Amino acid sequence: MAVTRAAAPMVGNCSSAMLIIGRRYFSSPFTEKLRKTNRKKVIDLAAYPPKKIRNFGIVAHVDHGKSTLADRFLEMTGAVEKSSHASQMLDKLQVERERGITVKAQSCTMFHKDCMLNLIDTPGHADFSFEVARSLTATNGILLLVAANQGVQAQTVANFWLAFEAGLTIIPVINKVDLKSANVPRVVSQMENLFDFLPSEILYISAKNGTGIGDVLDAVVERLPPPKVEAHSPLRAHVFDSWYETHHGPVVCVAVHDGVISKGQRIRTYHSDCEYEVLVVGIMIPNMYEVKCLYAGQVGYLLTTMKSVQDAVIGETLYDVSDERNMVQPMPLITPTPPCIYASIYPTNINEYNALRVALYKLALNDSSVQIQHSNSTALGNGFKIGFSGHLHMEEYDANITITAPSVEYRAVIKDNQTILKKRYNGQRVIRLLDASDFPVCPSDIDHFLEPMIKLTLLLSTAYCEHVERLCVDARGEQVENNGLDTDCIMQQWRLPFAEVCMDFFDRLKRITSGYVTYNYQWDGFQKATIELLMIHINDLPIYEFSEIMPSNQIKARAKEIVKKLKEEIPRQQYEVRIKATLGQSKKALVQTVIAPVKKDFTGRLKGNFGGSGWERFCKKLSHQKKGKERMKQLGQVQIPKEAFINVLRR
């Protein structure tokens, strides 16, 4: 693919940026000198003008070796010592190390052949496509990594098109060529057919053994373009990542497009129009190291006077306070992926609510695709309704909490009647329905409903096509594309309602294909749908925690399931408990059942003596008990244990 190289202006007139290094090594010339002197080494970042900078990322399907390749880069460039490295050095989250996947985009600065290489490691799981898109905004090219034993997978295709549409230079790399199961000719053929790569463009490596790593680093220097920046222009940088440090506050990752940013400088955000002082400037190698300045084309981090976790907005443009705002050309804001799944989260201990609240808002700083709303449950107390990108995304920030069954966002379009709109809906024509409590009280007000859709890409063996097609059709799917990659592999695209796949669709998909399938899904807007409100009543009181919004064809089965579970979970009371499921506010039951009351057998106290006044005493007791239970039914509430809520809400 042709690369247009930008002219490389020299660096501006900032005092030298110095990096103080302890026992950290970069490329071999530095390594030898440091080993001889065993002293702190000063690195001048001003020695790296834009023509000596390469900002790149690694993208691939999950488990194709991105993190392992990043580890080898760090070792070969001397950023870490081989004897002391831990695997997956850029993976910091617990779920990343447990599952061997990358969730958050991580950055690291390395030095090779007198060039500064800024690596942005990216996730490969379908739930984290926003992380990939976000990291690509800071790069000028990517390494498209494909495992030789698995070939091109669904996420490989999605990542290729993300990079291609962003105009990035792409270097194809085939990993795991040392495995016995590797089929390199087949993978080369797939990359030719799908992406139009020439065999001569493809690099062959084994990240595990370190084979071919030097060739990849050389290709990054020789084949990727330098950043297109203006060193002598006023400061213009954009925020592409952020996270929260307990002792420092928000840490902001920036890519400097124009000018220089330095410690002590006062900066302003373009979109939120807030002013801050830069307290620390640094780069990641892979840990945080402080420098004096970041120059045009370089990537690093900032610590500023930002106090709130909401101040560091992803995609924000930073500029110097002395510059006129109307002279600044802002970078385009990065639009986060709309949450696909909503779930309510409650602390298992009510005393941990404040700690959970703080943790969630710190989470939102680092991941703007997460949405947070306050929630309250009669049984579970105060909590939060969270919008996530997917199931694994939910697990990413799991803690000692109760998570309810996930649901999707529906929308109700209200009839174009200004009186109704102003009186009941504050003038809003489209109402978001995140749970049963949001459902309009008057169904006659609704013109139609909308449900979220996804575009699902599947790569699977031709032997499983019939079973997979049946599964997708049952999920109300519509096939969009069907292409054969080779004699054994086929790529299908489906358009599906997300409500049909957000629960166990992918588990069933893997089961019917024996695991030989990969998938990627993308947000694909809304379309008209037929949905209903399944309302659960206990003793004629609506219980919104158990009620759900769902497609009409699923209502009956789900109603039976919930009523059955409630009968099993709710303990017997001193009075009758009636459970029923209805459509919306209708009084007609779809499914209903009764939990019989606990009986108090006082006839034993009469010792079988019903003669004389015994029978009168017996009838008197029955009358008192009946009146007492009626009074309890009117004044009291059904006691539903917390465990019952958890067991019913979890599917």
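Keep in mind that glycine also has a Cβ here, set from the backbone N, Cα and C atoms.
The feature transit peptide is assigned by Swiss-Prot to 1-26.
Per Swiss-Prot, domain 'tr-type G' is recorded for 51-228.
Cβ neighbour count for Val177 (GTP binding site) (all protein chains, 10 Å cutoff from its Cβ): 20. The annotation GTP binding site is assigned in Swiss-Prot to 60-67, 121-125, 175-178.
Here the domain 'tr-type G' (51-228) has a mean pLDDT of 81 out of 100. Annotation note: Lys66 (GTP binding site) sits in a helical segment as assigned by DSSP. Residue environment of Asp63 (GTP binding site) contains 16 other Cβ atoms, counted within 10 Å of its Cβ in all protein chains.
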